[in-house]
């Protein structure tokens with residue numbers, strides 16, 4: 001089994017990802033979805049956590065070999081980013097969703113030199129808006145952002161478009177397509193539910209259970 005499928009299987013097993021095609025979830029954006037993800041759950045499982053961080057380290061070495069600093073997004077990207085930085089023996093920083101309203105007013109916390117090559121760590125890619133804002137904040141501070149890595153992506157067209165428009169490279173450990181394939185192989189979903197899950201990928205904006 002590929003590492004991508006192995007991680008997808010782990011996410012299902014520990015219920016970091018929940019699938020409910022017949023009784024969909026409502027995201028904060030208002031989108032009705034057959035899937036809900038809380039990757040913070042992975043931190044509670046040492047073996048899963050270790051596999052994720054090791055896979056992240058290998059992914060970063062392969063896709064962004066020039067990296068000089070790892071940055072996590074607040075808050076979900078911080079623990080993963082810190083562990084990855086430790087794996088790679090690199091400096092770590094984190095990026096707030098907005099600047100502090102007191103003190104120095106920092107949005108990027110840590111020591112990041114001008115022109116330092118950075119990889120930003122996020123746990124989940126939904127529409128991509130928040131992590132691309134974090135990238136912009138890091139670039140305003142002088143970082144040279146090589147790209148973004150994440151555990152999982154819903155593969156939403158909106159996110160794909162935003163990353164393409166911004167020119168920011170995205171690499172993920174696993175994705176929606178791999179996850180529903182594993183769900184099919186393991187009998188996690190019925191054939192009817194699988195069809196609903198496939199339709200969600202085809203058009204998330206108009207999907208209905």
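Here the Cβ of each residue, glycine as well, is placed from N, Cα and C on the backbone.
Database features, via Swiss-Prot:
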- 96, 100, 102, 122, 123, 124, 125, 126, 127, 128, 129, 130: 5-phospho-alpha-D-ribose 1-diphosphate binding site (BINDING)
- 126: orotate binding site (BINDING)
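Feature map: Swiss-Prot annotations on the structure.
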residue : record                                              : CB count, 10 Å
96      : 5-phospho-alpha-D-ribose 1-diphosphate binding site : 15
123     : 5-phospho-alpha-D-ribose 1-diphosphate binding site : 25
125     : 5-phospho-alpha-D-ribose 1-diphosphate binding site : 28
126     : orotate binding site                                : 21
127     : 5-phospho-alpha-D-ribose 1-diphosphate binding site : 18
129     : 5-phospho-alpha-D-ribose 1-diphosphate binding site : 13
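It is 18 Å from the Cα atom of residue 126 (orotate binding site) to that of residue 96 (5-phospho-alpha-D-ribose 1-diphosphate binding site).
In the three-state DSSP scheme, residue 125 (5-phospho-alpha-D-ribose 1-diphosphate binding site) falls into the strand class.
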